[in-house]
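Below is one structure, written out as structure tokens, with a few remarks after it.
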Amino acid sequence: MSSGGLLLLLGLLTLWAELTPVSSKDRPEICKLPKEPGPCRSYLLYFYYNSVEHKCQTFHYGGCEGNENRFHTIEECKSTCAA
């Protein structure tokens, strides 16, 4: 393979690595949990990590029970799950 072909291959691999989301196996387990508003009815605005769409999103938390995939701020969600 010529040096130009190797450079092209290296460039494509670098681009692929930059655009590929962090593998779900590298995320904490709480980030893999579904959003869970819980049975209460407080209607509090929280954030959760959507592992299908690979991003933090808002949801309304009822104020009790639920699971650990809930964050007060989008920054907290991103620093935990979207790194």
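Even glycines carry a Cβ here, placed using N, Cα and C.
These come from Swiss-Prot:
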SIGNAL    1-24  signal peptide
DISULFID  Cys31-Cys81  disulfide bond
DOMAIN    31-81  domain 'BPTI/Kunitz inhibitor'
DISULFID  Cys40-Cys64  disulfide bond
DISULFID  Cys56-Cys77  disulfide bond
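Overlay of Swiss-Prot annotations on the structure.
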residue	record	DSSP class
Cys31	disulfide bond	helix
Cys40	disulfide bond	coil
Cys56	disulfide bond	strand
Cys64	disulfide bond	coil
Cys77	disulfide bond	helix
What same-chain residues, at least 6 away in sequence, bring their CB to under 8 Å of the CB of Cys77 (disulfide bond)? Phe47, Tyr48, Tyr49, Cys56, Phe71
Expressed to the nearest Å, what is the distance separating Cys64 (disulfide bond) and Cys31 (disulfide bond) at their Cα atoms? 19
Return only the integer: C-alpha distance in Å from Cys31 (disulfide bond) to Cys40 (disulfide bond). 22
May I ask which residues of the same chain, at least 6 positions away in sequence, place their Cβ under 8 angstroms from the Cβ of Cys81 (disulfide bond)? Arg27, Pro28, Ile30, Cys31, Tyr49, Cys56
Neighbour count (Cβ, 10 Å) for Cys56 (disulfide bond): 21
Counting Cβ atoms within 10 Å of each Cβ, the densest environment among the disulfide-bonded residues Cys31, Cys40, Cys64 belongs to Cys31
